[in-house]
Amino acid sequence: GGGGGVGSGWGGVAGAAMLTHSAVVYLFLFSPVCRPFAQNVRGLNTCTSGHATSCRDCLLIHPDCGWCVDEEFGHKGTISSRCDFRDNLIERGCRKQFIESPQSSIRIERNFPLSHKGSGSTQSDVIQLTPQKIALSLRPDAETTFRMKVRQVEDYPVDLYYLMDLSLSMKDDLDNIRVLGTTLSREMAKLTSNFRLGFGTFVDKPTSPFSYTGSKYQNNPCLGYKLFPQCVPSFGFRHLLSLTDKSDKFNAEVQKQLVSRNRDAPEGGFDAILQAAVCKEKIGWRKEASHLLVFTTDDVPHIALDGKLGGLVQPNDGQCHLEEINESYEYSASTQMDYPSLALLGEKLAENNINLIFAVTQTHYILYKNYTRLIPGTTVEILDKDSKNIIQLIVNAYSSIRSKVELTVWEQPEDINLSLTATCQDGVSRPGERKCGDLKIGDTVSFDVTVKARSCPDYPTRNSFTIKPVGFKDSLNITVSYDCSCDCMSQVDVNSSKCNSNGTYECGICKCDPGFLGSKCECEEGVTSVVSHSLCREAEGKSICSGRGECSCNRCVCYESEFGRIYGTFCECDDFSCARHKGILCSGHGECQCGECRCQAGWIGDNCNCSTQTNSCLSNDGQVCSGRGNCICGQCVCAEPGAFGNTCEKCPTCPDACGTKRECIECRLFNSGRLADNQTCQRHCKDEILTVDVLKTDEENAVLCLYKTENDCVMRFTYSEHVSGKSILTALKEPECASEALSVSVLLAVVGIILAVGIVLLAIWKLIVTVHDRREFARFQSERSRARYEMASNPLYRQPITTHNVETVSTMHNKSYNGIVE
C-alpha cells in the first residue's frame, strides 16, 4: 500500500521525525483482521478456556483475546468471562470502547530511499538497504511482518587489500605479481570508478616450533638451504601499504619484498586476516566502500589451539595489535596469543563488512571451500602455482560477491522468533531463505521479515537487534517493545465503593482485600472459610463448584460458557456435555439435560442415534432386510453369508438368488411370471438387465442361473455385482428351445451312434481274437518244424496176440525122467 495507508494503519508513520519519502514504504503488516480467526481448537474457545482473572492474564492467552472492562458486563447469577475474542465480546453486549485488546504495531523511524549509483561526491548518501530503522510494539504470540529491500548499486567504491604468503614456497608467485597493481587497477576500473589497493604479507609466528629460532637462523632462516640460501627473518604479519589509488606505490612495495622461511607446513595466515580486518584506521578501510580481502597461499593455515604447541595459551582477543616498525606495521602480539578461531574470524570480518577471498592452490581447495561454509561472505578460487591467474581470479571473485545478497541477524533476543522469506529476481517467494543469487549490478531484491514475541518479560524493557547483508555497510536496526499491559491497569480505584470499600476496582472487576469474598467483595471470609467452601463442594475431595464456578458467599456462582448453560447447586450440570453423533449433540434427536440425552419418541441409545422404526429396512419385496438380516437402529445387519446392500437385497451366493432374479427376467424381458404387472415389476426389479446372443459363463464373480420355461425351453442368465454397487443380470435374448424334427434326428443319431459303437467294438474284439489265434498257430508250426523223431517201442504198448504153452502129462513125465526141468 501507499504511505498514507501505512501511516493510518500503524498510528501515524508519516509523522515520525526521521521518516522521509513517506510516499514509498517498503513494508507491510499482517493485521489482525486478515489473520485467521483462531476461535476454536476442537470446539474449545481459546480465550474463555484460559479462565483469566485479570486483563494482563487475558492478553497472554492468545493475541486475539480481548478484555471487557465494562462494569455492567455479564448476567446476574453467573460469572461472565471478560476474556474472549473481540467479536464475541461485542456479541455478548460489551461496548467497543470498553474492550482492551492492544495489537502489535510498527513504526518506521528512518526510511531513506535506495540509491541507484555508488559514485558521487557524497558517498555517505549511498543507500543499499531500506528501511534503516523501525520500532516494533509486539503482543505475545502475535506475528508482525515487514518488508526490507536490498540493492546492489552500480559503480560502488571498492577497497581491496592483497594479503600474500611470503613463505619460501611462494617465491615464484612473488615474482609474478610485481606489476600486479597496474594490471589489477586497469581491470577493476571496468567495474568501478573508485578503486583502492593495499598490500600486506605474512609467514608464521616467529617462535618455535613454527619457525627456526636458533641463533644462526635469526637473520637468515634459509641458511644451509641449497636452493635458496638467503631469505629475510620470519615474521607473523606485516602491513606494508595502506589502501591507496596509486597503483605504482603497490608495485614499488611488492618489488621490495623478499621471501622468508618457516619450519612447519601450515602458515600463520589467519593471524594476518584478523589484523587486516580489525585495524581499520591503519589499513584505511572506507566506510562507504566494498571491502575485499584477497588471501593468497599455497598451504593450510594454523587455527586456534595450535599456538599451545609453542606455549601460547592466551586466546586471541580479536583486537588490533599493529605497531609501526621501520616504516611498516607489524603484528606485535604474534608471540603472545594463540591463532584465532574460525568463529572469531567470521565475527570480525562480518563486523567490519569485509568479503574474504581465498586464493589457494588446487591441492588445498577443498579445505578452504569448507571454510567458506563457516565464514559468511567468503569465496574461494583456485590459484595457479605461479599466481599467473591472480587478476582474473580477483575479478571473478568480486563478480561472484556482487551477484548475491545474504542477510545476517545480529544480537537477536532469546524471546524473539524471527523468520525470513526471500523474493529474488524471479519473483518467487522462498520461505526460510536468507539469500538471493544470480543478481546483476543494479538489481533489487526483497525480504519479508516476520517477528514474534514468545512471552512478556517480567519487567518493562526494550530490546533491539540488527539485520544486515553480508559485506554491506548498510543495516536495519529494529527496536522491540512488549505490549503486555492494558490501559485500564493505570486507572486503579483502591477501597472502591464498587467493591464495598473492601477491595480495589481495576479493569471492571473487584480484587478483594484479604478476608473478603464475592464479585463485589460483599462477603466476609472470617474464620469459617473452610466450612464455607465445603458448602460449595458436592462431596469431600471434589472441586469447588465442580471447577466450573466460584464459591461466593457460601454458594456457587457458575461460569458462563459459549457452548451453553452451566447450572446446578454445585455447577455440576450443563446442556452441552452429552454424547454426540457425527458432531451433533444427542444426534439432533433429543435434549441434553445435565449430561444425559433425553431421546425423542422413536429414538434410543446414549446419543439418541438409534431409530426404533424399521421402514428404512424394508426391501422392495416388503420384507425386513430381504429376509436375510436384522434391522438394528434403522439399518440392516445382514446375517446371510454373502448378503449385502442397504436392505441385504444383494446376495449372488445365496440359494434363492437365482429364483429371485428369475422373476425379474420373466417380467422385464417376457412380461410373464408373478410380477408381470408393469408397476409391480418396475418397483421390485431395479437391477440392470443386459441381453446377449451368446452367454459367457466364465466371468469372475458371476453366478450362472437357468430355469425351464412353461414351453419346456431353457432360459440361462448370469447374476453379478458391479464395483459401482449395481446388480447386473446378463441374459440370452431368447430361451433355448428344441423342435420335434430335431428331437427325432437327435434320437436317431444317438441310436446310430450306439450301434456304430457296438459294431466297432465287436470288430475290434474279432480282430484281436484272430490275431491271437494266428500267432498261436504260427508258433505251433514253428515248433513242429524244429522237432526230430526216432523209431522205438512204446513201453506201454502190448501186442494184441499172446502165446501161452500148456504142458501135458507126457511132457511132464519126460522132464522128470531126464532130470531136466524146463
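Each residue, glycine too, has its Cβ placed from N, Cα and C.
Because TrEMBL annotations are produced automatically, they should be read as predictions rather than curated entries.
As written in TrEMBL, here are the features:
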DISULFID  Cys47-Cys486  disulfide bond
DOMAIN    54-486  domain 'Integrin beta subunit VWA'
DISULFID  Cys58-Cys94  disulfide bond
DISULFID  Cys222-Cys231  disulfide bond
DISULFID  Cys484-Cys488  disulfide bond
DISULFID  Cys558-Cys571  disulfide bond
DISULFID  Cys573-Cys578  disulfide bond
DISULFID  Cys633-Cys681  disulfide bond
DISULFID  Cys638-Cys648  disulfide bond
DISULFID  Cys651-Cys654  disulfide bond
DISULFID  Cys658-Cys667  disulfide bond
DISULFID  Cys664-Cys737  disulfide bond
DISULFID  Cys685-Cys713  disulfide bond
TRANSMEM  742-765  transmembrane segment
DOMAIN    766-812  domain 'Integrin beta subunit cytoplasmic'
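Known features from TrEMBL, placed on the structure.
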{"residue": "Cys58", "record": "disulfide bond", "contacts (Cβ under 8 Å, 6+ apart)": "Cys47, Gly50, Ala52, Cys65, Gly66, Trp67, Arg82, Cys83, Glu100"}
{"residue": "Cys94", "record": "disulfide bond", "contacts (Cβ under 8 Å, 6+ apart)": "Cys68, Asp70, Phe73, Arg82"}
{"residue": "Cys488", "record": "disulfide bond", "contacts (Cβ under 8 Å, 6+ apart)": "Cys55, Trp67, Val69, Glu100, Glu506, Cys507, Gly508"}
{"residue": "Cys571", "record": "disulfide bond", "contacts (Cβ under 8 Å, 6+ apart)": "Cys545, Ser546, Arg548, Gly549, Cys556, Cys558, Tyr559"}
{"residue": "Cys651", "record": "disulfide bond", "contacts (Cβ under 8 Å, 6+ apart)": "Ser626, Arg628, Glu640, Gly642, Ala643, Phe644, Ala657"}
{"residue": "Cys654", "record": "disulfide bond", "contacts (Cβ under 8 Å, 6+ apart)": "Arg628, Glu640, Gly642, Ala643"}
{"residue": "Cys658", "record": "disulfide bond", "contacts (Cβ under 8 Å, 6+ apart)": "Val703, Cys705, Leu706, Tyr707, Tyr719"}
{"residue": "Cys664", "record": "disulfide bond", "contacts (Cβ under 8 Å, 6+ apart)": "Leu675, Cys681, His684, Cys685, Asp687, Ile689, Leu729"}
{"residue": "Cys737", "record": "disulfide bond", "contacts (Cβ under 8 Å, 6+ apart)": "Asn711, Asp712, Cys713, Val714"}
Where the distance is taken from Cα to Cα, which of the disulfide-bonded residues Cys222, Cys231, Cys484, Cys486, Cys578 turns out closest to Cys638 (disulfide bond)?
Cys578
Tell me, which disulfide-bonded residues from Cys222, Cys484, Cys486, Cys633, Cys667 are within 10 Å of Cys578 (disulfide bond) if we use the C-alpha atoms?
none
In three-state DSSP terms, the structure that Cys486 (disulfide bond) belongs to:
coil
Could you tally the C-beta atoms, other than its own, that fall within 10 angstroms of the C-beta of Cys486 (disulfide bond)?
21
Residue among the disulfide-bonded residues Cys231, Cys633, Cys648, Cys667 whose Cβ has the most other Cβ atoms within 10 Å:
Cys648
Residues with Cβ closer than 8 Å to the Cβ of Cys222 (disulfide bond), same chain and 6+ apart in sequence?
Leu168, Phe228, Pro229, Gln230, Cys231, Ser260, Arg261
According to DSSP, collapsed to three classes, what secondary structure does Cys573 (disulfide bond) have?
strand
List the residues of the same chain that sit at least 6 positions away from Cys484 (disulfide bond) in sequence and have their Cβ under 8 Å from its Cβ, in sequence order, or write 'none'.
Arg56, Leu59, Leu60, Arg139, Pro140, Cys456, Pro457
What does the structure give for the C-alpha distance between Cys667 (disulfide bond) and Cys648 (disulfide bond)? Integer Å is fine.
22
Helix, strand or coil by DSSP: which one applies to Cys654 (disulfide bond)?
coil
Fewest C-beta neighbours within 10 angstroms among the disulfide-bonded residues Cys573, Cys638, Cys685, Cys713 belongs to Cys713
Three-state secondary structure, Cys222 (disulfide bond) (per DSSP):
coil
Determine, from DSSP, whether Cys638 (disulfide bond) sits in helix, strand or coil.
strand
Round to a whole number and give the Cα-to-Cα distance in Å for the pair Cys573 (disulfide bond) and Cys648 (disulfide bond).
43
Smallest number of other CB atoms within 10 Å: among the disulfide-bonded residues Cys47, Cys558, Cys681, that is Cys681
